[in-house]
Each structure stands twice: as C-alpha cells, then as structure tokens.
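Q: Pasting the feature list from TrEMBL:
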- 7-24: compositional bias 'Basic and acidic residues' (COMPBIAS)
- 48-57: compositional bias 'Basic and acidic residues' (COMPBIAS)
- 89-101: compositional bias 'Basic and acidic residues' (COMPBIAS)
- 102-112: compositional bias 'Acidic residues' (COMPBIAS)
- 1-57: region 'Disordered' (REGION)
- 76-115: region 'Disordered' (REGION)
Amino acid sequence: MIALLGDRQDKQKEDKSEKSEEQAAAKIQAAFRGHKTRKSMSMKAATKKPEPEPTKAELEAEFRADDKDLCDAATKIQASFRGHQARKQNQEEKDKEQQDKEDIENIDLEDPELNKAATKIQASFRGHKVRKDVTN
C-alpha cells in the first residue's frame, strides 16, 4: 500500500515535470518564431525600395479638370479641411485666453516683490513725465 502511494506521487511529479518542460519548450518555440518573423520583416523592409512621390506633371496628367465629380470632391475636402483648421485655431485661441485668465487670477497681490516692481514702474513713469514736462 505504501509502495503504491509512493509510486503515485512519483508519477504525479513526473507528470508535473513533463508539463513544465512542455510549457518551457512552447515558450522557447514561440519566442524563436517571433524572433524569426521580426527578422524577416526587417529584412523585407530593408530591401524594399520606397515608391517615389509622383511629380507635379504626373499628378496633373491624372487629374482631369472637366471631371465635375472629382472637382466637387476636391472642393468638399478642401472646405472640410479649412473648417477643421479654423476650429483648431479657434480652440487654441480659447485655450490661450483661458490660460492667460488663470495666470492673472493666480497673481498674489500681497507679494512684496510685486509691490516693489509696481513701485519701480510708477517711479520710472513719473520720472519720464517730469523730464517730458521740463523739455516742453
């Protein structure tokens, strides 16, 4: 009976060992397949020549000015892009105004450095005004 129990435990240990070996082998194989795929893709990318951009003449040759549908589509795309740009610019201006407003609200009017700066500006202006009055 004890021998049977020991045999069962040995068999369970062997099963666990085999399972973990199989899992390890599967991980190694998956990692190698990924490595192999990435390597082949980088080789393809290195050997592939990028298509040159079409020249203005080639684009004009493809475009027919008398094609009303094409002109309408181009006009619609241009109008929607201009609208997008205007909305984006408007939002940026609103954001800047909001940021400026927040900056002004966050000024500490009790700051002694701020009072010194204001006094200096006022003194400079008074000096300017006096010099201007003296020359006139």
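Positions of Cβ are set from backbone N, Cα and C atoms, glycine also.
Please treat TrEMBL annotations as automatic predictions, because they have not gone through curation.
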Q: Let me spell it out: take the compositional bias 'Basic and acidic residues' (7-24), skip the flanking residues so only those 6+ beyond its ends count, and list any with a Cβ under 8 Å from a Cβ in it.
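A: Same-chain contacts beyond the flanks: none.
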Q: With DSSP as the yardstick, break the compositional bias 'Basic and acidic residues' (7-24) down into helix, strand and coil residue counts.
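A: Result for the compositional bias 'Basic and acidic residues' (7-24), in helix, strand, coil order: 18 helix, 0 strand, 0 coil.
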